[in-house]
Amino acid sequence: MPEILTMDKAVESYGQELHTLDEEVPRQRGKAPDSKMVGEFDRDRYDLARAGKKQVLKRRFGLVSMTGLTCGLMCTWESLMVVFLVGFTNGGPAGLVYGFLIVWLGNISVFISIGELSSMIPTAGGQYHWVSLLAPQTSTKFFSYLTGWLTVIGWISGLTAASYFVAELILALIALNDDSFAPRGWQGTLLLWGGLILCVIINIFMSGALPSIEVFVLIIHILGFFGILIPLVYLSPTHNSAKDIFTMFNNGGGWQTQTLSFFVGIQGNALAFVGTDSAVHMSEEVRNATKDVARSMVVSLVLNGCLAFGMLFALLFSVPYEQIVDFAAESQFPFIKIFEYSVGSRAGASVMTGLIVLLEFCSALGCLAAASRMTWSFARDNGLPFSKELFFIDKRTSIPIVAIMSVTVFSALLAIVNIGNGTAFNDIVSLVLEGFYLSYLIAIGLLLWRRLRGDIREASSSSEVTHYSIPASEGVHSNLRWGPWHLKGTLGIANNMVACSYLILQIFFSFWPGTRQTNAEHMNYAILVTGSVLLFSIGYYLWGARKTYKGPIVEIDLHRL
């Protein structure tokens, strides 16, 4: 049976390790180690110790492999086709183009801000850890706990959503080749479970090869783009004009104004950029994390944005818009019919769709890795029920096996809802946007507040040790230092403001239904689902978690170094 490393053993073993480091590196109290000395015992390990955490996971990922994981998980150009109908119904061709630009630039702003935080505090906990250090002292525990729950639920929902897309695309592919086939909810759920099992097998038994797998995914992600774009544009029998693309709007939801319809439909583009912060939750497995986590997020956004923008134009140029309306009536995923129309054969459309299925599965694979690390990290700080069990680490592989299995089980349980009510399942999946965006907004809002107050100082190369995990009563906020990756001065403040404004806009419209005249079957229950999660987490906090959750646990006293 694999040897397991628990929290108690981790802290105990660290005491012995500290003694070794104290013998290796000469220090003076209040003085940082020489940079050459720091390099000897691993700069990443030292940066993690500044956040109060001990290194227990292996740092397998570099900049390229982490970019591969982030790009593959976001699956932007692929997901844009999957959710294409959302923006086309409310917004139309022009709405999709302009909405994409707003979402793309908004996400770049958000993740530059997230990158600043990850550079300061490179831990797998991400948002809840940052909030615990940035929030006012009177509400540190509560806001940190709430943010942790939102992030965990968001990632579990994200894993479910990615697996759901894979399952439903397989069913749609079968329906494309068999006119008599009528997909059922239980079939989608079984396929979803099968995909989850395969993700678990790869994440556990091939964990050492995961960085190489993600580099391969990045290559397929880029080559697959050209493999679909070229036949889609070249073989299509008709092409629309640029004037149609940039000037034609739709208001399929029957809203009072086209502007309102545009903002309701912008959610489709937003879903295509979900998961960029996966690098944050993998940061304890990334080398040079204070720089490369932020770099991988920004590179992924730029690369995926360019690919997705090109694919969006290919779709809009290649098919008459009245045809798209007909395709939407025939299939949940009209892009499959667009493929068939463009290449003129079901076989060709099947191959192109099969590539999308493969890449969406790679997205689910990355989702499981990031979701399990986030769950493991929150359990490390006693933020979840059964935290001691969830924090188990397999010493042979250095991965959180129990967290991987638990996240998978909860995702599988969520998928059961799809058997009885597909609409209710879609509302559960809507937690992806709300969970992520609310956690981003809390963290970036507090970063902006601290920035305006002047509480975050420039990092000093050699003057003093900065420990981010001293309790608030001991003056933690006076110790906040920028990491090596951040925007300075007014530019940084302006970017944080833009990010907060964008997040507020997205959160507000994510609760709106797709049509003005709606009913119980097509209503957007996202606000009910999100509110229920918030109420449960607050109730659990007041019932017992406030006694056990004290914020991020300090496993390492850096002042001993």
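Including glycine, each Cβ sits where the backbone N, Cα and C put it.
Feature annotation from TrEMBL assigns transmembrane segment to 63-86 (among others).
If one looks beyond the transmembrane segment (98-121) by at least 6 residues along the same chain, the residues whose Cβ comes under 8 Å of a Cβ in the stretch are 50-51, 80, 87, 91, 129-130, 133, 262, 265-266, 268-270, 272-273, 276-277, 279-280, 283, 289-291, 293-295, 297-298, 301-302, 305, 308-309, 312, 440, 443-444, 447, 456, 468, 480-487, 492, 495-496, 498-499, 502-503, 505-506. The transmembrane segment annotation in TrEMBL covers 98-121 (among others).
Marked as transmembrane segment by TrEMBL: 142-166 (among others).
Per TrEMBL, the feature transmembrane segment maps to 186-206 (among others).
Here TrEMBL flags 213-235 (among others) as transmembrane segment.
What TrEMBL records for 255-276 (among others) is transmembrane segment.
For the transmembrane segment (297-317), the list of distant contacts is 63, 67, 70-71, 74, 76-77, 80-81, 84, 93, 96-97, 100, 104, 107-108, 111-112, 114-115, 118, 221-222, 225, 228-229, 232-233, 236, 239-240, 245, 272-273, 276-277, 279-280, 335, 338: same-chain residues at least six beyond its ends, Cβ to Cβ under 8 Å. Feature annotation from TrEMBL assigns transmembrane segment to 297-317 (among others).
Summarising the annotation, TrEMBL assigns transmembrane segment to 351-376 (among others).
Taken from TrEMBL, the feature transmembrane segment applies to 397-416 (among others).
Summarising the annotation, TrEMBL assigns transmembrane segment to 428-449 (among others).
Within its own chain, the transmembrane segment (491-512) is flanked in space by residues 102, 106-107, 109-110, 112-113, 116, 263-264, 266-267, 270, 430, 433-434, 437-438, 440-441, 444-445, 447-448, 451-452, 524, 526-527, 530, which lie at least six positions past its ends and keep a Cβ under 8 Å from the stretch. Summarising the annotation, TrEMBL assigns transmembrane segment to 491-512 (among others).
Long-range contacts of the transmembrane segment (524-543) within the same chain: residues 142, 145-146, 149-150, 153, 385, 424, 427-428, 430-431, 433-435, 438, 510-514, 518, 549, each at least 6 residues beyond the stretch ends and with a Cβ under 8 Å from a Cβ of the stretch. Among the features that TrEMBL reports, transmembrane segment is placed at 524-543 (among others).
For the transmembrane segment (63-86), the list of distant contacts is 96, 100, 162, 165, 169, 210-212, 214-218, 221, 224-225, 265, 267-269, 271-276, 278-279, 282, 286, 288, 292-293, 295-297, 299-300, 303-305, 307-308, 310-312, 315, 328, 333-335, 356, 359-360, 362-363, 365-367, 369-370, 514: same-chain residues at least six beyond its ends, Cβ to Cβ under 8 Å. Remark: the transmembrane segment (255-276) contacts the transmembrane segment (428-449), by the rule of 3 or more CB pairs under 8 A.
The highest tally of CB pairs under 8 A with the transmembrane segment (142-166), across 186-206, 213-235, 351-376, 397-416, 428-449, is held by 428-449.
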